[in-house]
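Sequence annotations record features per position, and here TrEMBL assigns transmembrane segment to A:12-35, A:86-106, A:118-140, A:146-167, A:196-215, A:221-240, A:252-271. As annotated by TrEMBL, domain 'ABC transmembrane type-1' applies to A:80-268.
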Amino acid sequence: MKIFASLARGSLVAYTALFFAFIYIPLVLIAVYSFNANPINMMTWSGFTTDWYAQVLGYKTAITGDAFYVESTDQLVQAVFNSLKIAASTTLIATVFGTSIAIALYHFDFFGRRFYRVVLFMPMLMPDIVLGIALLIFFVNSGINLGLKTIIIGQCTFLTSYVFIVVSARLSGMDRTLEHASADLGANEWTTFRKVVFPQLLPGILGGALLAFIISMDDLVITYFIAGVDVTTLPMFIFAMLRRGIKPEINAIAVMMLSFSFVIASLGLYLRSRQK
Amino acid sequence: MRESIVRMEKAAKTFATPEGQTITALGGIDLDVRRNEFLTLLGPSGCGKTTLLQAISGFVELDSGRILIDGEDMTDRPPYRRPVNTVFQNYALFPHMSVGENTGYALEVAGIGRQDRARRVAEALRMVGLEGLEGRKPRQLSGGQQQRVALARAIIARPKLLLLDEPLSALDKNLRQAMQIELKTLQHELGISFIFVTHDQQEALTMSDRVAVLSGGRIQQLDTPRAIYDKPRNSFVATFVGASNLFEGEAAAGRLVTTDGIAISHGEQGSTGAATALIRPEQFFLADPGQAGPILDVDLEQIVFVGSTFELFGRTATGRRVIAEIPAMRRGLVGEIEQSRRARLSYDPSAVHLIPAEAA
Ligand SMILES: Nc1ncnc2c1ncn2[C@@H]1O[C@H](COP(=O)(O)OP(=O)(O)O)[C@@H](O)[C@H]1O
Ligand SMILES: [Mg+2]
């Protein structure tokens, strides 16, 4: 019996270790190779360097010739700025819409309520490529010029769903009797919302907003269709680079993006823990 | 000053179940709650106690009938404009607010200034024995303390009436008994009426000025605890409150005979016709040999020692179940019947209560 127990335990440990290794080893490898001095074959270690980072950020380095793939740091910076601008706008819009819809569907019982719920799930279930094409056709037909504006509108269509789902989850976990208690103690609907519902909802709203931000920063397929020719976002920029071969600068960019996401996620977790 | 603080007139409420049935939660209830009264709503789960409370606090809209509080018609008033406060079953404390903020919520909402509020919060917390805990969060308190915060929060705005929906059901037995006494004291100090909901008959009997026994959305009996216990109006009340032995039969002057031939003597001379006789277990005692007067012979199935008493579970010759409670000081006698497994139970006919058949 004892042997079985320790065997089960051992395999559970091994399974867990493998699981995490599978997820995190590739990330660790990228981070490691981003410091590899070998310009030709990045899988072969030839020494430590921070040149790739310097390169990406536009500093002069010893690396020359073919190894250098970020043709213009300005373009990269522009792409990053585009992505940030888009993510900030879409996050704001999607958070306001998603939250309002979630609250409305929670509080009011009206005709077609269930139908709305389904409609709101749809953009998440739809394949990106279909959504991208659909949006493109829509924008072209309605004569809207492709650019930042269309990216923002397009991304909002599915980011609103994400915020809606996160906030709805928070709402459905909320204790309805708290609203009764508030009314019982003399607060009208608006005061109850302000003092009881909203403060409890806030972690959910922030969580939804962070999720929307990260997904927006990360979106390639849909954005690719509706970006037009003038606007390039960070994922589009990286994708364009990749088409010419995997080069060490990409590792450096990836590590920087990863760090950024990590900071955002940590911030989210921190806010959550404080709200609890 | 009006005698009644709450008056319900023909209050009715039905709910539709998802299966398409209708449930009568309130079946046309008439109720007067007196000023300064501790009134308990007692009944099994699902009998409509919460619905009745919520009709008063405004969370349940009546299908018909009306509700007056202190003479004012409340039927169409939203909950936040009714002069009543509630202690909720699960306490319903705001998790994101401190104890002080929770307690002062009603005052804050009413626009009362910070200083006044702080003073009254301190006072309310002192009344429930939680002085100085203003800064804690609800989750940092024990269940009993949370209960007290809920209480302080509900009384701080001096409501005309306090509603308590099974407030003690989540507490353990000792704490529960301590809180029962504290609640009584508090009600006395505040000088307001309490409507207290419980499904625990012991709690109802010990705490209340009057008890309303509910079943199926109707008040079966509204009376003092003693009247409820000694003179239940129907067999539902008799069985729900306390343990009981019921004998249905045909009553004649001084005697009731059941269909299986058992004769019960009773003191209610006037009653005749179909009726049910009630004998509480503690009204039986063990008859001395050769004793005259009414006797019930039973075969004992079980004798249970519960500390202050022995509980005897037996059957008559015709198979009817009988429960009797014998004071533990009569140990010697109990020893004897433990041997013989038979007992001769005697009782005082004047203590037997007759329930007329139409009420049962
Ligand atoms: N909102 C509701 N919808 C449907 N049925 C309800 C609702 N509220 C209460 N009921 C039903 O009404 C009856 C009385 O409920 P309630 O007043 O909560 O009983 P109690 O508090 O005595 O346990 C129960 O059968 C319950 O299932
Ligand atoms: Mg209830």
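In case you wondered, yes, glycine gets a Cβ from its N, Cα and C as well.
Just so you know, TrEMBL annotations are computer predictions that nobody has curated.
Scored by C-beta pairs under 8 angstroms, the transmembrane segment (A:12-35) has its highest count with A:252-271, from the stretches A:146-167, A:196-215, A:221-240, A:252-271.
Across the candidate stretches A:86-106, A:146-167, A:196-215, A:252-271, the maximum count of CB pairs under 8 A to the transmembrane segment (A:221-240) is reached by A:146-167.
Only residues 6 or more beyond the boundaries of the transmembrane segment (A:252-271), in the same chain, are considered here, and those with a CB under 8 A from a CB of the stretch are 27, 30-31, 34, 52-53, 55-56, 76, 203, 206-207, 210, 213-214, 217, 234, 238. When each of the listed stretches A:86-106, A:118-140, A:196-215 is scored by C-beta pairs under 8 angstroms to the transmembrane segment (A:146-167), A:86-106 comes out highest. Among residues of the same chain six or more beyond the transmembrane segment (A:118-140), those with a C-beta under 8 A of the stretch's C-beta atoms are 101, 146, 150, 153-154, 157-158, 160-162, 164-165, 219, 221-226. Sequence-distant contacts of the transmembrane segment (A:196-215) (same chain, six or more residues past either end, CB-CB distance under 8 Å): 87-88, 90-91, 94-95, 98-99, 103, 159, 162-167, 169-171, 174, 178-179, 181-182, 187, 261, 264-265, 267-268, 271-272, 275-276.
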